[in-house]
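Novice: Among the features that TrEMBL reports, disulfide bond is placed at 56-68, 75-90. Sequence annotations record features per position, and here TrEMBL assigns domain 'SRCR' to 66-129. Annotation source TrEMBL lists domain 'Peptidase S1' at 200-431.
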């Protein structure tokens with residue numbers, strides 16, 4: 001059956017029973033899926049008659065409420081939704097070059113570089129949930145992806161009042177048909193391994209600094225799951241690691257560590273835990289969670305963040321990426337003392353969904369990686385850890401270890417939460433928190 005890569009709260013007898021029931025539970029899950037489809041068809045039929053009034057087609061829905069507003073009212077500088085959802089997620093970085101875009105008039109527009117300033121850069125970074133600003137670069141319009149060239153906008157700082165200074169989309173009143181250069185934004189030095197020197201190591205043991213974004217999540221002082229550093233106060237992991245146990249005081253984030261138990265590593269307290277509101281333990285989608293740390297991490301070469309991908313950025317099938325963690329080295333085995341890692345190829349959803357593999361279980365929220373012949377895979381205890389890919393010497397987080405059938409079995413590769421699908425949710429949580437507690441920093445460069 002599809003199992004998550006961690007069974008943290010089962011004793012030995014329960015684990016043995018869980019294995020013997022695997023085949024029967026898989027059949028049961030298929031029955032549930034068929035039943036859910038039939039129910040969905042029925043609900044749609046009923047909805048045609050009575051649900052039209054709740055539709056937000058062509059409009060923006062305010063959170064989970066039934067209130068809808070015009071799409072042009074989203075990101076217009078005026079709060080129309082009760083909880084301000086319409087003024088969140090108004091900024092994004094897109095494409096391979098981190099091109100800045102703002103949502104203006106219901107359309108994503110690429111920001112021209114005229115009148116751009118470091119102050120605006122800091123404002124944009126804060127709207128993405130980052131407390132700091134690193135740098136901006138100006139790219140020739142012709143050098144970026146064609147779909148990013150279609151809608152352009154200029155920023156006019158004079159339109160910003162002091163109360164609006166953190167919302168740069170409020171100053172995007174001038175639409176343009178052409179500009180010579182556009183803005184590329186960097187909010188975090190990430191994806192680098194300054195303390196790692198490539199060398200031959202025995203087996204699949206990881207070297208110090210090889211995966212500086214890797215963390216161990218300790219539940220009541222024992223390793224339970226992995227995670228990835230994505231910002232000074234943010235760690236990304238799997239929802240199934242924290243669901244039902246999202247009490248910050250029970251968790252600690254351990255960084256800069258190669259072996260369990262902890263020796264000389266940073267041991268950090270957790271302030272808040274967020275998991276996707278649509279995640280359910282009996283489901284497999286939306287398996288994503290964030291931990292916010294009480295204090296920001298100290299980056300030192302051995303501890304570094306990994307970059308999130310940009311909107312619209314995907315990685316080709318067959319690309320070799322890396323998984324890492326302290327999980328078991330065989331199905332049902334004990335957690336590893338040392339940090340292990342392995343190189344695995346990305347698989348297309350089509351290949352992963354074929355009969356005999358995971359037919360019927362793979363959704364757009366998932367990405368598979370591994371070998372169909374088996375032999376190399378993530379395993380229990382690796383949950384929440386990174387699927388990391390290198391792109392032009394910068395490492396990016398492509399997936400979060402989520403589930404699979406067994407470990408390293410034939411035709412059963414590892415399944416990971418696809419980060420590109422989760423970007424909107426990730427940045428929404430980070431932006432909300434940054435708006436609540438903005439860090440005061442200088443923009444002088």
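Start at 1 and count along the chain as shown; that gives each residue its number.
The backbone N, Cα and C atoms fix where each Cβ goes, glycine too.
A TrEMBL annotation is a machine prediction, not a hand-curated record.
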Novice: With DSSP assignments reduced to helix, strand and coil, which class does residue 68 (disulfide bond) get?
Specialist: strand
Novice: Cα-Cα separation of residue 56 (disulfide bond) and residue 90 (disulfide bond), in Å?
Specialist: 19
Novice: When DSSP states are folded down to helix, strand and coil, where does residue 56 (disulfide bond) land?
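Specialist: In the DSSP reduction, residue 56 (disulfide bond) maps to coil.
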Novice: Between the Cα atoms of residue 75 (disulfide bond) and residue 68 (disulfide bond), find the distance and write it as a whole number of Å.
Specialist: 14
Novice: If you count, for each of the disulfide-bonded residues 56, 68, 75, 90, the other Cβ atoms lying within 10 Å of its Cβ, which residue has the minimum?
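Specialist: Among the disulfide-bonded residues 56, 68, 75, 90, the lowest count of other Cβ atoms within 10 Å belongs to 56.
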Novice: Round to the nearest Å and give the CA-to-CA distance linking residue 90 (disulfide bond) with residue 68 (disulfide bond).
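Specialist: It is 17 Å, counting Cα to Cα.
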